[in-house]
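Accompanying notes for the structure given below.
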Amino acid sequence: MRVLGIETSCDETGIAVYDDELGLLSHTLYSQVKLHADYGGVVPELASRDHVRKIVPLIRQALKDANTEMADLDGIAYTKGPGLIGALLVGACVGRSLAFAWDKPAIGVHHMEGHLLAPMLEDDAPEFPFVALLVSGGHSMLVKVDGIGRYEVLGESVDDAAGEAFDKTAKLMGLDYPGGPRLAKLAAKGLPAGYKFPRPMTDRPGLDFSFSGLKTFTANTIAAEPDDEQTRANIARAFEEAVVDTLAIKCRRALKQTGYNRLVIAGGVSANTRLRETLAEMMNSLGGQVFYPRGEFCTDNGAMIAFAGLQRLKAGQHEDLAVKGQPRWPLDTLPPVA
């Protein structure tokens with residue numbers, strides 16, 4: 001089976017072609033970072049308009065790169081949600097229209113399921129069951145995964161997600177958009193400076209996350225300290241360590257609760273070097289395994305949508321003719337794949 005994947009949930013237009021026998025045949029991506037940089041964040045209306053401009057040329061390029069004609073496709077997968085409704089509808093309209101015109105089945109994919117399954121694109125793909133840590137700009141959650149569509153959300157953000165906390169803290173430090181990667185780069189220059197940042201919600205049972213208080217603590221620390229480059233780097237390091245430690249503590253709890261020894265990290269924040277190193281050390285000490293996608297598949301992309309959609313299309317699942325976008329969509333409401 002060969003599937004065209006379309007991702008437009010936020011500020012990246014991602015198109016890919018995936019074949020269940022040959023693997024990933026093509027992967028094209030357009031990022032709107034420069035478009036939104038002047039505003040310090042994603043402007044939904046501008047994002048939607050840019051998706052409209054870029055999506056068809058990218059589809060043509062992806063099909064050309066994959067040496068694939070319309071007749072070679074067995075289905076089309078597009079991101080249905082969660083995300084920005086205008087951006088979602090661009091991908092949904094184009095995907096559903098192509099499916100109708102080409103007489104192909106179509107499937108609306110859950111964006112976070114795409115991230116969750118992204119490590120399956122690697123040669124050392126994880127086997128079920130495992131615990132997944134999904135960390136991005138809009139989501140932080142721990143999921144018990146027993147199979148595709150067999151998900152139990154063990155804990156999630158009650159306010160700011162980890163990626164959102166990175167971006168907002170970067171803005172407090174005067175760093176340019178996108179803030180998260182820039183903050184991590186600054187943190188790499190930091191030194192242990194005796195800051196005692198809190199590890200939110202680790203002093204109580206449970207697997208939920210909360211990073212808004214940590215962001216406020218960081219803002220107060222910035223205001224109280226000298227405004228020089230090394231001090232800012234030290235604060236960035238202390239903030240990053242607090243976020244990473246919090247995520248690691250919760251992951252350890254989730255593994256103990258489930259009895260599983262495999263951990264998947266996915267989503268934009270999974271590209272963070274300190275997070276990868278910390279969780280790799282933790283899993284090594286526990287005698288377990290950790291899996292994550294390559295860097296280009298940590299952020300939003302069409303490859304993960306093509307792969308996730310193919311799994312459901314193979315199981316006979318598909319959408320009706322209606323064009324739908326779901327800006328809010330609980331992961332654990334998805335049907336299982338038999």
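Think of each number as a place in line: the chain as shown, counted from 1.
Each Cβ is built from the backbone N, Cα and C atoms, and glycine gets one as well.
If you look up Swiss-Prot, you'll see H111, H115, D300 marked as Fe cation binding site, on the strength of sequence analysis. According to Swiss-Prot, the feature substrate binding site maps to L134, V135, S136, G137, G138, D167, G180, N272, an assignment based on sequence analysis.
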>> Quick check: which same-chain residues outside H111, H115, D300 lie with their CB within 8 A of the centre of the Fe cation site CB atoms?
In response: E7, S9, T79, M112, G114, S136, G267, N301, M304, I305
> Around G137 (substrate binding site), how many other CB atoms lie within 10 A of its CB?
Replying inline: 25
> Among the binding-site residues L134, V135, G138, D167, G180, N272, which ones place their C-alpha within 10 angstroms of the C-alpha of H115 (Fe cation binding site)?
Replying inline: L134, V135
>> Under DSSP, is D167 (substrate binding site) part of a helix or a strand, or is it coil?
In response: helix
>> Let's check the environment of V135 (substrate binding site): how many other CB atoms sit within 10 Å of its CB?
In response: 28
> Can you tell me the three-state DSSP label for S136 (substrate binding site)?
Replying inline: coil
> Measuring Cα to Cα, how many angstrom lie between D167 (substrate binding site) and D300 (Fe cation binding site)?
Replying inline: 16
>> Let me spell it out: for each of the binding-site residues (G138, G180), count the other Cβ atoms within 10 Å of that residue's Cβ, using every protein chain shown. Which one has the most?
In response: G180
> Widest Cα span across the substrate binders L134, V135, S136, G137, G138, D167, G180, N272, in Å?
Replying inline: 17
